[in-house]
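What TrEMBL records for this protein:
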- 1-27: signal peptide (SIGNAL)
- 40-165: domain 'Beta-hexosaminidase eukaryotic type N-terminal' (DOMAIN)
- 190-494: domain 'Glycoside hydrolase family 20 catalytic' (DOMAIN)
- 337: active site, proton donor (ACT_SITE)
């Protein structure tokens, strides 16, 4: 029991807290858009805007022109965005209540010009576009709303931007475009703008993976790094070695090759690459559930047995089957956190090391390089976690892309040696680190410490990593968003545009707005400013101020 005076103090503090909360609950949000800010995410490279408000016809017609105008990717993309834009509006034109005549809309047609008919989706595909939106006045050569792009994937990025310009007005019950006319000339800063998804620690159903891919397109991310398998489970079907599936958690938590192909096709329709990962030689204990010969011993189960040809035959079989599914030119071979104690403590491997005149570190290098050779023979470019570069930088194949994660300074050293690099510094871009706030995600810079232009060009971009130990279907989206959007703008927008501004005044209101846009589109994005990511709101309030 507290002394009376101290107890009274606690009661008073509690009453003050209740009063504060009640005021928050009772008060209406005073949020208003700041006209000095541009509520597009990510921020376009170049743009101008005006002060007009335009109305958009709910029966908006679509005119596809150019060599790529007949693309199924483009046509289906327009249909998706039309549903988003006119979610609150029926396809029936509005009527003026007083006169009973059809209202005249400022924007009644969207013209999209695609200059190429190629639908090849590879690293560095042209995603640039221009977007022009102006009131029909009979004078302009350009249409009311026109997107022009060299590829269908650039057109998709333009459609996303156009959809963000369109806002539903609840008083007139119409879709409007503010601050028109708009002229936007846009392109990404980096070719590789990724999100890593781990489906080994927790299985994610196909529909959930599709929802994540869909949400990635809203932020113009373009690579899903699919960390399909790990030591905990092996959910992917491999026809050449069917017993690998024995490593799945259950018979229901699996992906067929048809499932994987469907995910690749779904992603391509949204201009998103799928980069698969098979992490070797560590992180592979689950492989031995079906093929125990891959384990050094029954009691020491990883790394994979380096001494057996069967190990590399199986890796070759996996990669051959996966090459039929994953067309993207990059393939991730892992190579991180390889603890070689099993090799040095297992008699037959210890003898093999002696016969080969190898140390355990030599064997680690041997395994990584042999896996790289297998991937390259199947026309893949190998990606490896940074430990491989840190351990034997001069021995990696020169085609290797070094994937940073442990800390800063790796990309500068890698590009100095002529390797390409992907930035994923865990201090900022690991989404399972729930105590990293949005502003630290936003402030991380892939080119930090790299001043030479030719070396800067070797940084492909970066990715945020959604490791799955504490994320499954119940919370994965709110763990990804909105912090992934902070990295997405860093990877898309000009460096000077996102670095030289007051982050609280110029960036935070825009990120609040984008988080609410995600919510409106059905994405379970968490509040922006909570102390821990994916934490729910504490009190009642507007989406735009959480």
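Cβ from N, Cα, C; glycine included.
All annotation found in TrEMBL is predicted automatically rather than curated by experts.
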Next on the checklist: Can you give me the same-chain residues 6 or more apart in sequence from the residue listed as 'active site, proton donor' with a CB-CB distance under 8 Å?
Outcome noted: 282, 283, 387
Checklist entry - How does the domain 'Beta-hexosaminidase eukaryotic type N-terminal' (40-165) divide up by DSSP, counting helix, then strand, then coil residues? => result 28 helix, 37 strand, 61 coil
Checklist outcome for this item: Whole-number mean pLDDT, the domain 'Beta-hexosaminidase eukaryotic type N-terminal' (40-165), equals 89
